[in-house]
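Record features, source Swiss-Prot:
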type	residues	note
COMPBIAS	77-95	compositional bias 'Low complexity'
CARBOHYD	N79	N-linked glycosylation site
CARBOHYD	N87	N-linked glycosylation site
REGION	76-95	region 'Disordered'
SIGNAL	1-22	signal peptide
TOPO_DOM	23-45	topological domain 'Intravirion'
TOPO_DOM	67-83	topological domain 'Virion surface'
TRANSMEM	46-66	transmembrane segment
Amino acid sequence: MSCYTAILKSVGGLALFQDANGAIDLCRHFFMYFCEQKLRPNSFWFVVVRAIASMIMYLVLGIALLYISEQDDKKNTNNASNSNKLNESSINSNS
């Protein structure tokens, strides 16, 4: 059963990543529209602002994914420690 769970988590993670990628792309299009109206598209500052905005968006995405994975790891650790305590208590009660 754990194989199916791993596959579902993997597919779910890929779906969330694609959704986040689409959100970043949408933000980039809005930002590019704003920059093209205010700055010249071939100016140095346009390129700098665009690069910084892209880095910030990907940084936020990376931090969000890291936070989600850490929360999942903590939940799995808590579940494992609870099951170990239950196993120890059942062994002690059987002795």
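Residue 1 is the first one shown; counting continues down the chain.
Cβ atoms here come from the backbone N, Cα and C positions, even for glycine.
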Long-range environment of the topological domain 'Intravirion' (23-45) - Cβ separation under 8 angstroms, sequence gap at least 6: 53-54, 57-58, 61
Same-chain residues at least 6 beyond the ends of the transmembrane segment (46-66) whose Cβ lies under 8 Å from its Cβ atoms: 17, 20-21, 24, 27-28, 31-32, 35, 39-40
Residue distribution over DSSP helix, strand and coil in the topological domain 'Intravirion' (23-45): 18 helix, 0 strand, 5 coil
